[in-house]
């Protein structure tokens, strides 16, 4: 049995599978006799914050730290290093954020409260999308994996900017000042070629507390810390960035994201009607993900190639691009996260319907995206 468990965690798709399981368990519990206990647990206060708050602001800061590390590595030595390799996924990502947001706004423009959720379908769940792609194993060209990874990373970077600009509450000048000082300290450490990770993490913890108290969303501290970690070590040392990225990845994939999914996907269907499910808010979210993502990514990619602005990566055709663009409609954890920022406890009914829209759109995108990708790829060689 232990060998089976070990083999499971070695699978590329394991993280995505765990996300599905965690979300499914949460939905079952939330709609059972244990539903009240589930909600009571999430709203239990520990050290001044609810369990839900610790997960969304604390654990997710670690997830965003990993995103920061990945983005920096890709910018310095990966798929985003040169203009030639970065421009195609960058253009695709812009389309993939713009079209879903516009579809959502088209459905909800006359509701001032609902319009706050315009960014919900703009996000892509990188772990889930890569997990679905990994189910097809070696049939997937490396260049297609790199395209999806680069696109999703740029998408995540866009989400970080959106959170910073549009989903930050009343700001505390003192806390912000401390945050800016700690940001300066982190990058000064980098400039002085300090490579000891513990120093960055202690400074980063102080930054996280300052950002948490400032009114800017605390997860952004994770991105700043990630960008401050040096890529290159001193002579004879391993890369601090790669070391931390490698160390964090299993915890994020197999613990943090499943815990986040469990804490946020448990939606009680009590009182939810068919009329509510087909109302403008969930429809805007679901169609933004399921239709907006492929429409934006594919059309912007096609236009970029036809106008000579970018080239298709080697070994990839437009059938592959369309299949991947549908997969990018899996918003799931990232979309749920933005929904909690847009509506949260202030408008729980809107948050519930937004999350139902996320589940509908993401599930449809996952099933169709997998099917299209499977059809577009060559059969596995014997």
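Backbone N, Cα and C define each Cβ position, glycine as well.
The transmembrane segment annotation in Swiss-Prot covers 14-34, 47-67, 87-107, 117-137, 146-166, 171-191, 205-225, 247-267, 271-291, 296-316, 321-341, 353-373 and is backed by sequence analysis.
For the transmembrane segment (271-291), the residues of the chain that approach it from at least six positions outside its boundaries are 99-101, 103-108, 111, 114, 117, 120-122, 326, 329-331, 335, 350, 352-354, 356-358, 360-362, 364-365, 368, judged by C-beta separation under 8 angstroms.
Put simply, of 14-34, 47-67, 171-191, 296-316, 353-373, the stretch with the most CB pairs closer than 8 A to the transmembrane segment (247-267) is 14-34. Note: the stretches the transmembrane segment (321-341) and the transmembrane segment (146-166) are in contact (3+ CB pairs below 8 A, sequence gap of 6 or more).
Between the transmembrane segment (146-166) and the listed ranges 14-34, 47-67, 117-137, the one holding the most Cβ pairs under 8 Å is 117-137. Contact between the transmembrane segment (87-107) and the transmembrane segment (117-137) is supported: at least 3 Cβ pairs lie under 8 Å, counting only residues 6 or more apart in sequence. When each of 14-34, 47-67, 353-373 is checked for Cβ pairs under 8 Å to the transmembrane segment (117-137), 353-373 comes out on top. Taking Cβ pairs closer than 8 Å, the transmembrane segment (171-191) reaches residues 199-200, 203-204, 206-207, 210-211, 213-216, 221, 224-225, 228-230 in its own chain, all 6 or more past its ends.
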